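Features reported for this protein in Swiss-Prot:
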- 1-20: signal peptide (SIGNAL)
- 206-402: domain 'Peptidase M12B' (DOMAIN)
- N225: N-linked glycosylation site (CARBOHYD)
- N268: N-linked glycosylation site (CARBOHYD)
- C317-C397: disulfide bond (DISULFID)
- N319: N-linked glycosylation site (CARBOHYD)
- H342, H346, H352: Zn(2+) binding site (BINDING)
- E343: active site (ACT_SITE)
- C357-C381: disulfide bond (DISULFID)
- 410-496: domain 'Disintegrin' (DOMAIN)
- C413-C442: disulfide bond (DISULFID)
- C426-C432: disulfide bond (DISULFID)
- C436-C459: disulfide bond (DISULFID)
- C450-C456: disulfide bond (DISULFID)
- C455-C481: disulfide bond (DISULFID)
- C468-C488: disulfide bond (DISULFID)
- C519-C569: disulfide bond (DISULFID)
- C547-C557: disulfide bond (DISULFID)
- N551: N-linked glycosylation site (CARBOHYD)
- C564-C605: disulfide bond (DISULFID)
- C599-C610: disulfide bond (DISULFID)
Amino acid sequence: MIQPLLVAICLVVFPYQGSSTILESGKVRDYEVVYPQKIPSLPKGRLQRREEKTKYENTMKYEFKVNGEPVVLNLEKNKRLFSKDYTETHYSPDGREITTSPPVQDHCYYHGHIQNDADSTAVIRACDGLNGYFKSNGEMYIIEPLKLSDSEAHAVFKYESLEKEDETPKTCGAIHNSGESDETIKKISNTFVTPEKGEEYLEAEKHIELYMVADNLVYRKYSSNITVVRMRIFEILNYVNLYYKILNIHVVLIGLEVWSDEDKILINGSSELTVRSFAAWRHSDLLKHKRNDNAQLLTGIHFDKRVLGIAFIGGMCNNFTSVGAIQDNSIHAVLIAATMTHELGHNLGMNHDTDSCTCNTGPCIMKAALNFKPPYEFSSCSYWDFQNYIMTKSAQCILNDPLTTDIVPTAICGNGFVEEGEECDCGPPEICKNECCEAATCKLKPEAQCASGACCEECQFRRAGELCRAAKDDCDLDELCTGQSAECPMNHFHMNGHPCQNNQGYCFRGTCPTLTKQCIALWGPDAEVAPDGCFMNNQKGNYYGYCKKKNGTNIPCEPENVKCGRLYCIDDSTEENSCKFHFSNENANSGMVQPGTKCGEGMVCGFGECIGLETALGINQ
């Protein structure tokens with residue numbers, strides 16, 4: 001019988017301060033007062049094209065100074081936040097269910113970036129002033145209004161300037177679910193997708209129709225105010241949306257339920273009992289009157305053992321296990337969003353990262369423990385797990401389009417955004433400095449082919465074959481201008497299975513996992529892979545030498561799989577005829593060889609075995 005797995009994540013606890021702003025919590029050591037100036041979409045006196053009146057524009061641009069340097073914040077409304085059939089449910093004091101379908105298209109939740117900073121991001125709530133985060137030049141900043149207006153005083157401060165109560169990361173382990181006997185789980189778990197179909201699934205745009213539930217403690221925590229609760233959840237989901245864009249997944253809110261009278265399930269300090277109770281409620285109650293792909297419970301309870309979130313591994317699309325439970329433990333919406341992103345990752349088949357899993361910047365989302373610094377991206381291991389999940393389970397429910405409120409807005413010339421029907425948009429004529437664009441009409445000047453872009457030079461397309469983005473490593477590819485477009489083509493990588501690092505490894509979704517890189521990650525730049533004799537320890541099946549675990553038992557490696565178990569390394573401090581390995585009582589997977597690592601010619605590690613490239617990476621050799 002295939003048994004789904006529950007994983008709990010333990011994080012640092014930062015208690016809610018009972019305040020509407022971070023500044024009022026008293027945890028900010030230093031901040032700067034700024035006055036954002038909204039850059040008008042159109043100069044005074046110009047006629048704006050007719051469009052439906054909305055309170056919140058589809059695109060906005062603000063300018064202010066941070067540390068004396070000008071910052072231009074470009075914002076675009078997150079039009080993939082809600083499903084068209086979005087509903088809200090709460091309960092009267094006598095327990096009567098009240099369900100409405102409120103208009104949510106004209107909302108105030110935005111994603112964006114800092115102008116002229118390609119690696120910047122921004123997540124902003126613009127309901128009453130600008131409230132949120134932006135990342136620029138590797139620094140994460142918080143902005144929040146001091147008064148309820150987008151043009152009056154705002155506070156800007158570095159995230160790192162916040163006082164931290166407990167910086168020690170906490171860890172936790174996996175819990176086997178031994179009680180499931182559902183036939184649906186068996187059928188889904190035994191499904192296998194061909195490599196060709198799996199690649200098709202990976203490239204397809206995916207949508208998770210998410211149903212959010214706030215328990216009675218959360219409702220009371222926010223002064224028993226439904227509006228405040230919904231704003232909190234919308235803000236959290238706006239962050240979650242941004243995290244999943246890299247996987248081509250849109251997390252779309254299909255419903256919000258607030259247990260305003262009393263909890264509908266048993267919620268207590270046991271995270272496992274709570275999530276099982278929530279899963280049973282979803283199956284027996286929720287799914288009968290509201291379709292959804294996944295449901296997440298936001299609770300005000302403090303789980304035992306500092307657990308902040310829990311979910312079923314690989315439970316997505318399953319009527320019994322497509323759920324998670326998240327503790328609302330922090331004033332910072334981004335930290336709650338990080339936990340929810342992590343738990344959704346488990347539902348999508350992702351396991352906890354080990355020490356050898358790497359990210360380009362900052363902490364990885366699927367680390368078993370998080371500290372005060374929010375994560376930025378999924379690791380190479382998470383990509384592997386997600387690909388394996390798609391290949392073996394297919395998760396059909398996330399492949400349908402949920403009919404989001406993604407309505408194409410009428411183009412407005414002069415707002416600085418190139419929209420449908422425009423050839424360019426350099427802003428109002430009085431500020432436009434682009435020699436290729438007619439600011440008044442948003443059309444290219446005569447004989448101009450382009451106005452901006454990495455492959456645009458002096459108003460003409462750069463020649464085909466000219467470099468516009470250099471390869472970063474062995475598994476990346478140079479991007480070249482096509483001669484037919486101003487934009488640099490999308491980032492492409494060598495095919496999965498392409499040899500890399502002097503034939504030490506094979507490319508996997510743009511990374512090159514090798515034993516050497518993993519040793520260096522664990523032991524420093526002088527570390528090397530240990531002699532083959534050290535890996536023979538993996539045939540012992542003890543705590544320091546095994547290939548995989550089954551029901552808590554260490555399974556020894558078969559001789560052909562020894563390079564896919566515990567990782568053994570050496571460095572200058574290693575004594576002769578000995579080898580080093582990494583072991584942690586708190587994280588059993590720590591120090592194991594990373595999936596996708598080369599273990600022979602045409603072979604890579606997967607599931608504690610040395611298997612063929614075609615099977616492991618979903619490719620045809």
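Glycine too: its Cβ is placed from the backbone N, Cα and C atoms.
Annotated features taken from Swiss-Prot, shown on the structure.
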{"residue": "H342", "record": "Zn(2+) binding site", "Cβ neighbours (10 Å)": "29"}
{"residue": "C381", "record": "disulfide bond", "Cβ neighbours (10 Å)": "25"}
{"residue": "C436", "record": "disulfide bond", "Cβ neighbours (10 Å)": "20"}
{"residue": "C442", "record": "disulfide bond", "Cβ neighbours (10 Å)": "22"}
{"residue": "C456", "record": "disulfide bond", "Cβ neighbours (10 Å)": "22"}
{"residue": "C459", "record": "disulfide bond", "Cβ neighbours (10 Å)": "18"}
{"residue": "C468", "record": "disulfide bond", "Cβ neighbours (10 Å)": "18"}
{"residue": "N551", "record": "N-linked glycosylation site", "Cβ neighbours (10 Å)": "8"}
{"residue": "C557", "record": "disulfide bond", "Cβ neighbours (10 Å)": "25"}
{"residue": "C605", "record": "disulfide bond", "Cβ neighbours (10 Å)": "26"}
TODO: Among the disulfide-bonded residues C317, C397, C481, point out the residue whose Cβ has the most other Cβ atoms within 10 Å, with all shown protein chains included in the count.
DONE: C481
Open item on the list: Around C459 (disulfide bond), which of the listed recorded positions (N225, C432, C450, C519, C564, C605) come within 10 Å, judging by Cα atoms?
Closed with: C450
TODO: Quick one: of the recorded positions H342, E343, H346, H352, which has its CA closest to the CA of C488 (disulfide bond)?
DONE: H342
Task: Cβ contacts of C519 (disulfide bond) (under 8 Å, same chain, 6 or more positions away) - done: A527, E528, V529, L567, C569
Task: Residue distribution over DSSP helix, strand and coil in the domain 'Disintegrin' (410-496) - done: 0 helix, 15 strand, 72 coil
Task: Nearest recorded site to C610 (disulfide bond) by CA-CA distance, among binding-site residues H342, H346, H352 - done: H352
Open item on the list: Rank the recorded positions N268, N319, H352, C432 by how many other Cβ atoms lie within 10 Å of each Cβ and give me the one with the fewest.
Closed with: N268
- [ ] Compare the C-alpha of C436 (disulfide bond) with the C-alpha of each of the recorded positions N268, C317, C450, and give the closest one.
- [x] C450
TODO: Tell me the Cβ neighbour count for H346 (Zn(2+) binding site), meaning other Cβ atoms within 10 Å of its Cβ, over all protein chains shown.
DONE: 27
Task: Distance [Cα-Cα, Å, rounded] between N225 (N-linked glycosylation site) and H346 (Zn(2+) binding site) - done: 31
